[in-house]
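Asker: Annotated topological domain 'Cytoplasmic' per Swiss-Prot: 1-165, 240-250, 303-317, 414-433, in sequence order, evidence recorded as similarity to another entry. If you look up Swiss-Prot, you'll see 166-187, 218-239, 251-271, 282-302, 318-339, 385-413 marked as transmembrane segment. For 188-217, 272-281, 340-357, 378-384, the entry in Swiss-Prot reads topological domain 'Extracellular'. Positions annotated as intramembrane segment by Swiss-Prot, on the basis of similarity to another entry: 358-369, 370-377. Positions annotated as motif 'Selectivity filter' by Swiss-Prot, on the basis of similarity to another entry: 370-375.
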Amino acid sequence: MTFGRGGAASVVLNVGGARYSLSRELLKDFPLRRVSRLHGCRSERDVLEVCDDYDRERNEYFFDRHSEAFGFILLYVRGHGKLRFAPRMCELSFYNEMIYWGLEGAHLEYCCQRRLDDRMSDTHTFHAADELGREQPRPAGPEAAPSRRWLERMRRTFEEPTSSLAAQILASVSVVFVIVSMVVLCASTLPDWRAAVADNRSLDDRSRYSASPGREPSGIIEAICIGWFTAECIVRFIVSKNKCEFVKRPLNIIDLLAITPYYISVLMTVFTGENSQLQRAGVTLRVLRMMRIFWVIKLARHFIGLQTLGLTLKRCYREMAMLLVFICVAMAIFSALSQLLEHGLDLETSNKDFASIPAACWWVIISMTTVGYGDMYPITVPGRILGGVCVVSGIVLLALPITFIYHSFVQCYHELKFRSARYSRSLSAEFLN
């Protein structure tokens, strides 16, 4: 067929059931490359390379594409507004439609370009983690297959709490150890607990008892928990595919930070036998033992909510930095003004609580976050007016990035939940084979 020489004066484009009539002259210089290519087609074979089907009698070209997306694209190329995403349509799907018709990402409005970049970045990260979790090195020979399969099952049992019944039991036991260790840590700081422990030992053995934390009931429980965490960490390191990647993971670094202080404190008590040396090391020992609080972060391995929180903070670091800048700027302004109004003017009602700007910063941050301890407050009329403005400003500033953080949290939650469900299905099918 030859366009522009005889025949019908117009052609019909049928895109997903929606029909559009175009003149031949308009078709020749049409902004969409795929549509304009129809003008140069000389045979039906050339036409079918451009569209999905062709009706010679009605001179109609069929495209099995998204009709609503093409409608938005057609409005854009005709000069009616700017190109934005179609409602209720995935950004990546709309972008694929743009590529099909011959447009690029640069044709999108800036806000839509940012949405597309964020979605492509998230999808790339998601698929990279997916491929990393799916890839399995092939065994060298038939004899290596059973051991490789066993190591893979062990790795997934320790890494994926929802992969099997054994993984769920192991995760439950680990959670119990974390909870027990946290309860013992909190109880060991109670005055009644320490008094009861001191009454059960003799005065002569008190120094040796203090130097050996394993002799206390709480020390015994701590040693058992540390033993479990250490064994779990070692096994997970042995069965991991990539040892370097294992060491770099944030949760594994937290495990190391939670376990190492115990062994350091044990070594310090062994090498500081004299009481004077022990007293000098007492503060260090208490700090190291208090680092057991990091164990609570181990729960992130077993609870999707904590994983969602960490992933949200990672993706929203720009919004968090913006929030921090807002707070710092407002705190600098309000602290300087409050110090001037309450103390710097040397009035008879000088407020000593606002003697310096750093002291006023405490009042500003407490007021902006609407906590209001009441330990210090303005007493002058201008200071109270400034306090009201400070509170309202804090509410507004804190609310600005909340929308971005909320949407990111919901997106991260659905991604992690979908990934967990997919692992459960794939692993169940694999273990049944």
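Each Cβ is built from the backbone N, Cα and C atoms, and glycine gets one as well.
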Asker: Counting Cβ pairs under 8 Å to the transmembrane segment (166-187), which of 218-239, 251-271, 318-339, 385-413 comes out on top?
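Answerer: Comparing 218-239, 251-271, 318-339, 385-413: 218-239 has the most Cβ pairs near the transmembrane segment (166-187).
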Asker: Per DSSP, what is the residue tally for the topological domain 'Cytoplasmic' (303-317) in helix, strand and coil?
Answerer: 13 helix, 0 strand, 2 coil
Asker: Could you please provide the mean pLDDT value for the topological domain 'Cytoplasmic' (240-250)?
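Answerer: Over the topological domain 'Cytoplasmic' (240-250), the predicted model scores a mean pLDDT of 82.
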Asker: Residue list, the intramembrane segment (358-369) vs rest of chain: Cβ under 8 Å, 6 or more residues beyond ends.
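Answerer: Hits for the intramembrane segment (358-369): 327, 330-331, 334-336, 338-339, 342, 376-378, 387, 390-391, 393-394, 397-398.
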Asker: Can you count helix, strand and coil residues in the motif 'Selectivity filter' (370-375) using DSSP?
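Answerer: Grouping H, G, I as helix and E, B as strand yields 0 helix, 0 strand, 6 coil.
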